[in-house]
């Protein structure tokens, strides 16, 4: 870390803690920041734009304009009694002359292409020509709407070509801007234009960078909003508090330079770190979003603070140096405060937005998990249990789409209410000033001189109003009126004393609801924070419980004098918990009373089964009154169901071994098993799990778990990993990814079967079946259908991508629906479905089609082992290994007529990995298809394995079990990939192929060197005690495994 960073690193932690607090209470922080910024926004804009102070009541019969403003818009003419000429006066001069005869001359032109149109009748008309009327009155009257005798409505318009005369608005804006910029030379204008172009490029880069890290719009918009809030707060501070206002022109010129210099790189880096951290976090780590935001700010905050402090010191220095230039000093002060507020808002407002983005990502990932599990055949109750476990670390209110909409609506509604009044007043002022009036000098008409008008012989002033145009009311005028009326009505309603208070109250209620939901979410977050401690307490409970059991069984023995443990309050609590649960989860009890069977049946029919003791429930099962498979549903306690089933089977099978704990059953999450992995559960089978590695695969290091009971298998694969790493690691290529299901159907005749095959092979048939199949799943996508005929039997092989799930159940659902559509919609009514699976898949059976066409993931893994490593690590030589591989794996397997078995022991590694990682063990039949190739390259050994049918998934099936899921976490591939569906399953297939590569390399080396038997004798025959059966002891049963843990 550089020296400047070291000096400010102590400032990072307060900012990181602030960011974590904001992430915990995002709605609170966002609302407070928006309210403060909105207050500053209203104050600043009212100061900079004075014309917004007009009342919005001009939508009446006559325009209600302030007299002073209307007087300024008129062209004034004066004639004294002693003169016959009219003198042009300014507004100030006309106001200084007092005369009782002051008239307003209005010129009204009716725009109509039809000369026969009936025009409205008007009062005070002194002259008319064609469709133009001149009105002379003592008060200005400009009606917005007139009605002719035939009912035609005429609407006031500046001209008849543009709605609201947007052209004039644009023209006046350009004129004002031109007047301001005329003071600059061309070089300055070029610099300003370049600054705005660079500003546009910076904004484009912001959206592009955010899109790359996973946000299409909202994070970019949030970054801009953060800077805008900082601008408004700094403008309010300098303008209202410090009385150092920066001119509007300086803001227009200087802000692009500030934005370009500072940029948005730090906000992009904060977002990138947070999203990448979220993607790297495995599902079961349960890290909270607030901790991710804390780490992001802690890692990136030093650079953020360093750069902002540098900018702030630069502006302060500039203000001191140029103190003789007030405009520049004020702008430097504004820039300084803008940086300060932007820094604070980055740790509050922007961090809160980031936390909400992460929460939404968690919701999305968890929803994908639940939908995938349900599509893969896991019952909804089990899927919900897993879904809740995955989302337990997230705030509860964000799981509800209604709550998300409520939070967003609160903020968006606030912004709309703030801007509606401003927008309405601005619209009204703009219409009045740029549409109805302009600064043109209007000449006095000639008819004034000869027209017989009373009082014109006296001292008189005539103020000529701008010419007004009226057009017949059309449809688009009505639409415009409706829009303006709605805006005006809402604006007036907001300003109403009662409604404004009601809206404020409603907004307060909205915030209170969000606060309530957030407080409710703390319960779930606190539960997850407490869960690690509760796990420790559970372990203590198990230890204390085991110790209690052993003590009760050996209480006749003398007490140990040297191992006494003091009793604490926690021990008392744990003992009470044990006593409360002992009656439910006890394996056997001699003191349990058993009621008559008839009474038990009667209670069961009244759904009182849960209130019976275990022996009574077991008695119902033994006597055939309660099915063995229905215990979980009836008892609503999966662990108790396992216990009762063991008691019942110990009687039915006359095997008291199930009463003991030699087959363990305690401390296991059977909720994940029920409906997903196994039925009639009586416990679980512990299998030793070893680990090999690290193994470098495509540049990434992995520790790979293996569950096996075969000695020296893990040690052998470990040696292979060491040799592969010495050569730089393994590289992989995935050539195919598609699970298959092969239904068989029958037609009455061969002609119809052949016609259906031709249709399915055609583009029309493929597209029709794809459309039907893809409609059944969010994840499964049909790639291709392969067909073949055997008599009138038609076999179809559906190849489908299934995301990160292995996907057999998912595909079966799509196949069933596709076959149904063929019968009902595509004209194959005479088709008979023989079986959804016609062994053309082929699943869990050796088949050449899997070896040739592939099934699941097709992976090729390769590694180059240096010659000296072959000698030093593998204790062999390159030529011997190449010769062995040809003779054994290629020629030997061919002589045996093997299909896909051109390897040494790929099934060993595949099965061990499948058991450890929750895969279907039966699918090792086709997943173990492998051909191992070796050749010598420049004295080194190049070895590869090609496995065309690895069938794996990282969600569903056995992966829902916590131990297997934890091993997937060890590899970093648990659950669905957050951004690229199927990436985790494909990576798992690569890892399995590389593990097979390591096992093949080590075993072939042992065979070439003649070490195989020796290694097995060493690892599997270490002592004679390992092979001895345990003998009963008079001192009591052996110590339980749970007690040792």
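All positions are counted from 1 along the displayed chain.
Even glycines carry a Cβ here, placed using N, Cα and C.
What Swiss-Prot says about this one:
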type: TOPO_DOM; residues: 1-24; note: topological domain 'Cytoplasmic'
type: CARBOHYD; residues: 115; note: N-linked glycosylation site
type: CARBOHYD; residues: 150; note: N-linked glycosylation site
type: CARBOHYD; residues: 158; note: N-linked glycosylation site
type: CARBOHYD; residues: 179; note: N-linked glycosylation site
type: DOMAIN; residues: 188-356; note: domain 'SSD'
type: TOPO_DOM; residues: 208-216; note: topological domain 'Cytoplasmic'
type: TOPO_DOM; residues: 265-301; note: topological domain 'Cytoplasmic'
type: TOPO_DOM; residues: 346-402; note: topological domain 'Cytoplasmic'
type: CARBOHYD; residues: 428; note: N-linked glycosylation site
type: CARBOHYD; residues: 455; note: N-linked glycosylation site
type: TOPO_DOM; residues: 519-1045; note: topological domain 'Cytoplasmic'
type: MOD_RES; residues: 565; note: phosphothreonine
type: ACT_SITE; residues: 710; note: active site, charge relay system
type: BINDING; residues: 777, 778, 779, 804, 805, 806, 807, 808, 809, 810, 811, 812, 1020, 1021; note: NADP(+) binding site
type: ACT_SITE; residues: 844; note: active site, charge relay system
type: ACT_SITE; residues: 920; note: active site, charge relay system
type: ACT_SITE; residues: 1016; note: active site, proton donor
type: REGION; residues: 1018-1045; note: region 'Disordered'
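Summarising the environment of residue 805 (NADP(+) binding site), the number of other Cβ atoms within 10 Å of its Cβ, over all protein chains shown, is 31. Here the C-alpha separation of residue 777 (NADP(+) binding site) and residue 920 (active site, charge relay system) works out to 22 Å. For residue 779 (NADP(+) binding site), the count of additional Cβ atoms within 10 Å of its Cβ stands at 22 [all protein chains shown]. For the topological domain 'Cytoplasmic' (265-301), the model's average pLDDT works out to 79. Across the structure, residue 150 (N-linked glycosylation site) and residue 805 (NADP(+) binding site) are spaced 75 Å apart at their Cα atoms.
Cα to Cα, residue 710 (active site, charge relay system) and residue 920 (active site, charge relay system) are separated by 19 Å.
Considering only the recorded positions 115, 844, 920, the residue whose Cα is spatially closest to the Cα of residue 807 (NADP(+) binding site) is 920. Listed in sequence order, 806, 844, 914, 951, 957, 958 are the same-chain residues six or more apart from residue 920 (active site, charge relay system) with CB atoms under 8 A from its CB. In the three-state DSSP assignment, the secondary structure recorded for residue 805 (NADP(+) binding site) is strand. When the Cα atoms are compared, residue 809 (NADP(+) binding site) and residue 115 (N-linked glycosylation site) turn out to be 79 Å apart.
Sorting each residue of the topological domain 'Cytoplasmic' (208-216) by its DSSP state yields 6 helix, 0 strand, 3 coil. Shown are the recorded positions 150, 777, 809; the one with the most C-beta atoms within 10 angstroms of its own C-beta is 777. Over all protein chains present, the Cβ of residue 115 (N-linked glycosylation site) has 7 other Cβ atoms lying within 10 Å.
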